[in-house]
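S.K.: According to Swiss-Prot, the record shows the following:
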{"type": "COMPBIAS", "residues": "16-36", "note": "compositional bias 'Pro residues'"}
{"type": "MOD_RES", "residues": "S11", "note": "phosphoserine"}
{"type": "MOD_RES", "residues": "S55", "note": "phosphoserine"}
{"type": "MOD_RES", "residues": "S57", "note": "phosphoserine"}
{"type": "MOD_RES", "residues": "S61", "note": "phosphoserine"}
{"type": "REGION", "residues": "1-65", "note": "region 'Disordered'"}
{"type": "REGION", "residues": "42-72", "note": "region 'Required for interaction with MCOLN1'"}
{"type": "TOPO_DOM", "residues": "1-88", "note": "topological domain 'Cytoplasmic'"}
{"type": "TOPO_DOM", "residues": "138-150", "note": "topological domain 'Cytoplasmic'"}
{"type": "TOPO_DOM", "residues": "209-217", "note": "topological domain 'Cytoplasmic'"}
{"type": "TOPO_DOM", "residues": "277-289", "note": "topological domain 'Cytoplasmic'"}
{"type": "TRANSMEM", "residues": "89-109", "note": "transmembrane segment"}
{"type": "TRANSMEM", "residues": "117-137", "note": "transmembrane segment"}
{"type": "TRANSMEM", "residues": "151-171", "note": "transmembrane segment"}
{"type": "TRANSMEM", "residues": "188-208", "note": "transmembrane segment"}
{"type": "TRANSMEM", "residues": "218-238", "note": "transmembrane segment"}
{"type": "TRANSMEM", "residues": "256-276", "note": "transmembrane segment"}
Amino acid sequence: MEPAAGIQRRSSQGPTVPPPPRGHAPPAAAPGPAPLSSPVREPPQLEEERQVRISESGQFSDGLEDRGLLESSTRLKPHEAQNYRKKALWVSWFSIIVTLALAVAAFTVSVMRYSASAFGFAFDAILDVLSSAIVLWRYSNAAAVHSAHREYIACVILGVIFLLSSICIVVKAIHDLSTRLLPEVDDFLFSVSILSGILCSILAVLKFMLGKVLTSRALITDGFNSLVGGVMGFSILLSAEVFKHDSAVWYLDGSIGVLIGLTIFAYGVKLLIDMVPRVRQTRHYEMFE
């Protein structure tokens, strides 16, 4: 009877003492902090991955240029690139037609009204025609839509044209300031200024958008030239209206011409400094031409 009692004592005492630790062991071992620790570890990893991706993307774009390709070759699918190339051609043709008509009108205003800004705008309009023609050459070859070498050659030509046109604009504006030529206002001048300002501004926006998608410095430069044309168109109207109300501010027209000429000159120099070395780097990668 005593062993049985001992067994009963052990059996009665056994369930009371050991099971509680066993029953509480799973909650104690439950991975409560684990889900909290995983989000804490992920942000540093994600941040490191982002930094690595940013550095790799910069190195990758440099590698693309070294191989004669633009960054658009990795962003756009072939049919998308061709679609944007056709849009760039259409915008360039439209720009040539519009700016050529505005150039003729602006030259007429410059001769009839002795306007330095009108002469500067006419020169800039011709520059816009030439730059749009260069963009046409740039995208005339469907296989060269991502060609970095072709892109940089177009930019170098644009830089040279910018320098030559800026010199002509500044010389003409300084001559008008030295001879104290006074601008005149009429309906024809008003119409040319409004049309040139609006149309060139619209063309500039379109070229900037296409240049960003195609990663084309030539298109962006062409857009900058159109933007300058829009500013010059409005400046003709501004200087004429100011002179109409205050004849003492006769120098505003020539001063704007000098400022715009210097701006174009600075942009042309910057373009040549950036693009001439790249033409040399990519001269061996004309695979798409």
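Glycine is no exception: its Cβ is also placed from the backbone N, Cα and C atoms.
Keep in mind that what you see is a predicted model, and the values were worked out from it rather than measured.
Could you tell me the structural context for the features on the list?
M.R.: Mapped onto DSSP classes, the topological domain 'Cytoplasmic' (209-217) shows 6 helix, 0 strand, 3 coil.
Confidence for the topological domain 'Cytoplasmic' (277-289), expressed as mean pLDDT, is 66.
Distant neighbours of the transmembrane segment (151-171): 70, 119-120, 123-124, 126-127, 130-131, 134-135, 137-138, 216-218, 221-222, 225, 257-258, 260-265, 267-269, 271-272, 274-276, 278-279, 282; these residues of the same chain sit at least 6 beyond its ends, with a Cβ under 8 Å from one of its Cβ atoms.
Outside the transmembrane segment (188-208) by six or more residues, the chain places 91, 94-95, 98-99, 102, 105-106, 108-109, 112-113, 115, 118, 121, 125, 128, 219-220, 222-224, 226-227, 229-234, 236-237, 240 with a CB less than 8 A from a CB of the stretch.
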S.K.: Based on Cβ pairs under 8 Å, which of the stretches 89-109, 117-137, 256-276 lies most in contact with the transmembrane segment (218-238)?
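M.R.: Between the stretches 89-109, 117-137, 256-276, 117-137 has the largest tally.
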S.K.: Is the transmembrane segment (117-137) packed against any residues at least 6 beyond its ends, judged by a Cβ distance under 8 Å, and which are they?
M.R.: 88-89, 92-93, 95-96, 99-100, 102-103, 106-107, 109-110, 154, 157-158, 161-162, 165, 168-169, 172-173, 183, 189, 192, 196, 200, 203, 218-219, 221-222, 225-226, 228-229, 232-233, 235-236, 239, 253-254, 256-257, 260-261, 264
S.K.: Per DSSP, what is the residue count of the topological domain 'Cytoplasmic' (138-150) in each of helix, strand and coil?
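M.R.: Counting residues by DSSP class gives 7 helix, 1 strand, 5 coil.
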